[in-house]
Structure formats: structure tokens, C-alpha cells
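**Q** Please find one structure pasted underneath; my questions will follow.
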Amino acid sequence: MSKTFFVTGTDTDAGKTTCTLALLQAAAAKGLKAVAYKPVAAGCEMIENKPCNQDVLLLQKHSALPLQYEQVVAYSFDAFSSPHIAAEESGVTIKLDVLSEGLSRLKKSTGADIIFVEGAGGWRVPIGNGHFLSDWVKYENMPVIMVVGARLGCINHSVLTYEAIHHDMLPLVGWCMNRITPSMNHYQQNLETLKSLLPAPFMGEIPYINKPDEQDLGKYLDISTLL
């Protein structure tokens, strides 16, 4: 049976996709069949006359098994905005059971050892009709991996995100630090503070890298606590 983990971030552009690629590569290095799923993606570009989300394409490319675009994502919207706004503009209602059906089909069709489910935005991103994406994560009872985007304010964002996950009675099974800029004042002090405040395994640091999707990212994360 597939192990499933939800990857959330401390904010939009914290580096969820970069971290998910690293997780996929780290799992592959251990001989595991790992694939990715993104329940909701907002922001598409025309590629070969088809609207596609770049994050979904990267997850599709780096999954250990061949997947169709539609297997990786349940809802893909054109607008670069919060999912609930993108859905409303498209005249679509995001349904939790559709998210679950997509995940279930992926499990059955691939027989993957691990599925990394990448969220959208932060933990409390709304998806419409009074629901948050975190409501679905809670319904699926998924363990959570948190990506901390290294920027001023990340300590507050990280602690608040952890508290929200804990409030939802879900386990934070690991977290990583992702450097989203070449330099950050007091980076090491921020990292050490987070290590002392977050009661979850520290999985590693992903350095600032140009074109991270073309690099070996798996070496930066220790996934032993997930296995």
C-alpha cells in the first residue's frame, strides 16, 4: 500500500515544488517508486496548444513512473491566483471527493511505494464553498511535510503553520529549509531557532540553486524518518 505525504509551505513560493522534486529524487535513490500528485494547480501556459501548469509538468517529469498530465492534477486552472478565485473565474466548484478520487486512482494505477501530494499556497489556502485545502488533507488523514521558505518572517510563518497543522490533529513528520534567495541576513540563526522551536524531524536544507529542476536535489534531504 502506498505511503502518502502532503507537502505544504509556509507561504506561496516557499519552494514546495522544489522540495517535492527533492523528495521524489531522494526516494528514487533508495530504490523506491515515488510519484507526485497536485490536487489543485492555478496558473497555466499554452504548451503545444494545451494549457499546462509548469509545476504539474515538473512533478510528472520527475515521478518514477510514467504518468499522464491528468493523473498528476485534479483541477488545473488558467489564472495565476488563489485556487478559490481561479475556480470561480472558471465557473468550477472544487469538490473534495474529486480530489480524493484522483488520489485513489493514482494509487491503484501506479502501485507506487510513496506518493508526495503537493499543496497550493500555504496551509490555509481556500478552495471555495467555505473549504480550505487543509480540510481535504485532514479528511485523507495525511502526514505533513512543511517547506520553510527562507526569508524574513519565516520563523513566525513556520510556527503558525505548525500550530495550524497540530490544531487539525495531523502529524508534522518533517520539515526542510529552502533558500529562495542567494542571501538572507542571519540565515543560520533563523535555521537554528526553527530547529529549537519545531517539534518535528529536520530533513535538510536546499540551497539557492539556479534552475533547481535540472539539478540533483535528493542529496539535500534525509527521508529516513518517512520510511
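Yeah, the Cβs are placed from backbone N, Cα and C, and that goes for glycine too.
Per Swiss-Prot, the feature active site maps to Lys38. Annotated ATP binding site per Swiss-Prot: 13-18, Asp55, 118-121, 178-179, 207-209, Glu214, in sequence order. Sequence annotations record features per position, and here Swiss-Prot assigns Mg(2+) binding site to Thr17, Asp55, Glu118.
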**Q** Centre the Cβ atoms of Thr17, Asp55, Glu118, go out 8 Å, and tell me which other residues of that chain have a Cβ in range of the Mg(2+) site.
**A** Val7, Lys16, Thr20, Leu21, Ala36, Lys38, Ala41, Val56, Leu58, Leu59
**Q** Could you state the whole-number distance in Å separating the C-alpha atoms of Arg179 (ATP binding site) and Thr17 (Mg(2+) binding site)?
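**A** Just about 13 Å between their Cα atoms.
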**Q** What's the CA to CA span in angstrom from Thr17 (Mg(2+) binding site) over to Ile209 (ATP binding site)?
**A** 13
**Q** Of all the recorded positions given, Lys16, Lys38, Arg179, which has the fewest Cβ neighbours within 10 Å once its own Cβ is left out?
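**A** Fewest other Cβ atoms within 10 Å, among the recorded positions Lys16, Lys38, Arg179, is found for Arg179.
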**Q** What whole-number Å value do you get for the CA-CA distance of Lys16 (ATP binding site) and Glu118 (Mg(2+) binding site)?
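**A** Cα to Cα, Lys16 (ATP binding site) and Glu118 (Mg(2+) binding site) are separated by 7 Å.
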**Q** Whole-number answer please: how many Å between the C-alpha atoms of Ile209 (ATP binding site) and Glu118 (Mg(2+) binding site)?
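**A** Pair distance, Cα basis, whole Å: 20 Å.
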**Q** How long is the line from the C-alpha of Ala120 (ATP binding site) to the C-alpha of the residue listed as 'active site', rounded to the nearest angstrom?
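**A** Spelling it out, the Cα of Ala120 (ATP binding site) and the Cα of the residue listed as 'active site' are 8 Å apart.
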**Q** By a 10 A CB contact count over all chains shown, which of the binding-site residues listed here is most packed: Asp13, Asp55, Glu118?
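**A** When each Cβ's neighbours within 10 Å are tallied, Glu118 leads.
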**Q** In Å, rounded, how far does the Cα of Lys38 (active site) sit from the Cα of Glu118 (Mg(2+) binding site)?
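**A** Taking the Cα atoms only, Lys38 (active site) lies 5 Å from Glu118 (Mg(2+) binding site).
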**Q** Tell me, if you would, which residue among Ala120, Ile209 (binding-site residues) has the fewest other CB atoms within 10 Å in the structure shown?
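**A** Ile209, out of the binding-site residues Ala120, Ile209, has the fewest neighbouring Cβ atoms within 10 Å.
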**Q** Rounded to the nearest angstrom, how far is the Cα of Asp55 (ATP binding site) from the Cα of Glu118 (Mg(2+) binding site)?
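**A** So the alpha carbons of Glu118 (Mg(2+) binding site) and Asp55 (ATP binding site) sit roughly 10 Å from each other.
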